[in-house]
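Record features, source Swiss-Prot:
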- Ser11, Gly12, Asn13, Ile14, Ser157, Ala158, Gly159, Pro160, Gly161, Thr162, Arg163, Gln164, Asn165, Asn266: NAD(+) binding site (BINDING)
- Cys126: active site, acyl-thioester intermediate (ACT_SITE)
Amino acid sequence: MSRWKAAIVGSGNIGTDLMYKLLRSEHVDPVYMVGIDPASEGLARAAQEGLDASAEGVDWLLSRRELPDVVFEATSAKVHAAAAPRYAAAGITAIDLTPASVGPYVVPAVNLHEHLDAPNLNMVSCAGQATIPILAAINRVADASYGEIVAAIASHSAGPGTRQNLSEFSEKTGRALAQVAGADRAKAISVINPAEPPMNMRDTVYAKVRNPDADAIERAVLDMVAEVQRYVPGYTLRLIDVDGDLVTVMLEVVGAGDFLPTYAGNLDIITAAAVQVADVLAQRTLVEEPAR
């Protein structure tokens, strides 16, 4: 069976973890990895796995005789903002793991079906991928007037980009909690925990609701957790409590350990979600092609 050909732009931790996940994909074949550092471990690993790897950037990628069907952007918002129009002009679908937000916010378990034809899809943030599904589930059955999330990640899993852009990621996640999950108002708080040994990603979702039906809320949350677990097996519900109109849900995310340590569930969930998006898009396209 034919598969979508993929390029990974960015050879750091995120890009390298993406590669290992894509190597297991039934529908997406990682063909290229692009970076800017010839000494990058990610590029070396990509070459070992048989990918065509280059430190010559996006110019090199777009000069290939055979272009990819999809590109995973694992660089920076500035880099993606500049490259996105070029991908679109070349007919390449872009899955954006940066804060650039060129395309719509996408969370596979919640709203991917609304954006199947989008040329550019933004993966929100690590915290967003973990918490938006839960708030969306609560909102669907209980009408959330307010949502607030607290995402705690291990210090070792927070690179320079995360640290420098923590406020930006939190603001973006808050916007997505309202836009995608549907809460009237929302706020996101991110915490970097220096504990040793490093802790797994932990998330708490609070929601104030208008229709506090505890049984319906619990069923909705359990169903959503099961849906996310289809592509993030280490996504676990730790607590759900409905106290009047206040709902509290606690989660833990353990990474798959493909490249990153298992405590880096915050990074694992966004790469797993990005691969899930590509798998769904590729499967849909490959099914439709024979009928054309």
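Note that the numbers count up from 1, one per residue, in the order the chain is shown.
Using the three backbone atoms N, Cα and C, a Cβ is placed for every residue, glycine included.
Take the CB of Cys126 (active site, acyl-thioester intermediate) and look out to 10 A: across all protein chains shown you find 30 other CB atoms.
Considering only the binding-site residues Ser11, Asn13, Ser157, Gly159, Arg163, the Cβ with the fewest other Cβ atoms within 10 Å is that of Arg163.
Residue pair Ser157 (NAD(+) binding site) / Cys126 (active site, acyl-thioester intermediate) shows a Cα separation of 11 Å. Taking the C-alpha positions, the distance from Arg163 (NAD(+) binding site) to Cys126 (active site, acyl-thioester intermediate) comes to 13 Å.
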